[in-house]
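TrEMBL has this to say about the protein:
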DOMAIN    348-368  domain '4Fe-4S ferredoxin-type'
BINDING   CYS357, CYS360, CYS363, CYS406  [4Fe-4S] cluster 1 binding site
BINDING   CYS367, CYS396, CYS399, CYS402  [4Fe-4S] cluster 2 binding site
DOMAIN    387-417  domain '4Fe-4S ferredoxin-type'
Amino acid sequence: MKKKFSGGIQLAPSTEELKKLFKAPLELTRIEPDYVVIPVSQHIGAPNEVLVAVGDQVAEGQLIARNSAAVSGYVHASISGIVTAIKEVPGLGEQQLAIRIQRGPAEEVRLSEMSPLETVRHAGIVGMGGATFPTHVKLDPDPEITVHTVVLNGAECEPFLLSDNLLMIRESEKIIRGGRIMQELLGAKRILVGIEADKPQAIAAMAQAAAPFPDIEVVTLPTIYPQGGEKEILESLLGVESPMHDRTIATGAFSTNVATSKAVADAVDERRPLTRRYVTVTGDVMTPKIVEFPLGTTAEQLIDFCGGFNGAPSRILNGGPMMGKTLPNLEVPLTKGSNGLVVLNHAHDGKTEESPCIRCNRCVTVCPIRLEPHHIDLAYRSGNYARVAQLLAEECINCGCCTYVCPARRNLAANIVAAGNKVATIKEELAND
């Protein structure tokens, strides 16, 4: 087993008990909702422009939003039907423009024949581990960068989430195929597949699919959070630290989620754009499930599909309990980066009042980026943004380890992210003066 990255946490016994309580069966269910609400932009980068109008008939797979900018991600209809509205809908933190499609007769269109790299772009593939950075951009690095290793990230370290686990069990050959397509595009010498030790079925399935290829190795990783972070998995697999203020590909390793790799295979081999994905719907719902859903399915539709709430909800998270973002309401649609939908009732929410920092240094010990969370938090609360910048708050990956271990229950991770955003805003304002 490979050595782990720096920092990180073992989950407390109370969290392990919740994992058992909330565990969804490793079997796939599918939802086919009567309508979807598809956000026009589901990626990091330039916002998309709408290509359809209310009243238009669309087919599944039809392009409905795009931007010609390099860093962008095309969006396609995830069901066939009629466009009934184009309007602002609730998002994660702010409103977002979305296209509502009412289901109609089944009809599907595929992508045209083109080069593999252009196919990935036109398929709208983005990082499906949550980052949502356009994959075609990552697959076309600067000429001076030599990529020697493709890393397929199957760690899935967030508690309660099993989407990638099941995907690796069911679609191992497609994941390996996508990895080989990306290996060829990048000219890499090998592929490493990193999977945490608590996924034995996935490890076995991926090892079997990789067996014919001597340049592919499936590596078992320690079960420790946040093993699935891009920088963390590279440190575990390759023993290299990604440089601050630089992309991880500068290390010579290209890393992507296993779901992204499967989407690449679907696009290149079958000319299917990215319109569906797996999500773990779990927590305080009546029947936790792993669900394949058309993009734009709402939180309400998925929760109803799992039998509704088990007790009055306190919080609903898009993502896992460590890094997930709280939904403002049930109308929020799930998108390309949505790997989890976690419902927590008041008994399991764990909200407590903050108390003063006791300088125990636990947050520093567990930080995988080697930041000083307590110092950043104090600087942010006092408005000392020069100190915040000096302490590299912008490098925070918002893994939540510091908040998880803090005995004073201080909301460290959220404050550090806010601090980093404030510094970025100040820098932008100064640059525009």
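For all residues, glycine too, the Cβ spot is worked out from N, Cα and C.
Model, not experiment: these values are computed from the prediction.
Here the features listed in TrEMBL are placed on the structure.
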| residue | record | Cβ neighbours (10 Å) |
| --- | --- | --- |
| CYS357 | [4Fe-4S] cluster 1 binding site | 18 |
| CYS360 | [4Fe-4S] cluster 1 binding site | 13 |
| CYS363 | [4Fe-4S] cluster 1 binding site | 28 |
| CYS367 | [4Fe-4S] cluster 2 binding site | 25 |
| CYS396 | [4Fe-4S] cluster 2 binding site | 23 |
| CYS399 | [4Fe-4S] cluster 2 binding site | 25 |
| CYS402 | [4Fe-4S] cluster 2 binding site | 29 |
| CYS406 | [4Fe-4S] cluster 1 binding site | 23 |
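CYS363 ([4Fe-4S] cluster 1 binding site) is 13 Å away from CYS396 ([4Fe-4S] cluster 2 binding site) when you measure Cα to Cα. Close to the recorded [4Fe-4S] cluster 2 site, the chain also has GLY7, CYS363, VAL366, PRO368, ILE369, LEU371, PRO373, ILE397, ASN398, GLY400, CYS401, LEU412, ALA413, ILE416: residues not among CYS367, CYS396, CYS399, CYS402 whose Cβ is within 8 Å of the site's Cβ mean position. Here the domain '4Fe-4S ferredoxin-type' (348-368) has, by DSSP, the following mix of helix, strand and coil residues: 7 helix, 0 strand, 14 coil. Taken residue by residue, the domain '4Fe-4S ferredoxin-type' (387-417) breaks down under DSSP into 18 helix, 0 strand, 13 coil. CYS402 ([4Fe-4S] cluster 2 binding site) and CYS363 ([4Fe-4S] cluster 1 binding site) are 4 Å apart (CA-CA, integer value). The record gives CYS357, CYS360, CYS363, CYS406 for [4Fe-4S] cluster 1. Within 8 Å of the mean position of their Cβ atoms, the other Cβ atoms in that chain belong to ILE358, ARG359, ASN361, ARG362, PRO373, HIS374, CYS402, VAL405, PRO407, ALA408, ARG410, LEU412.
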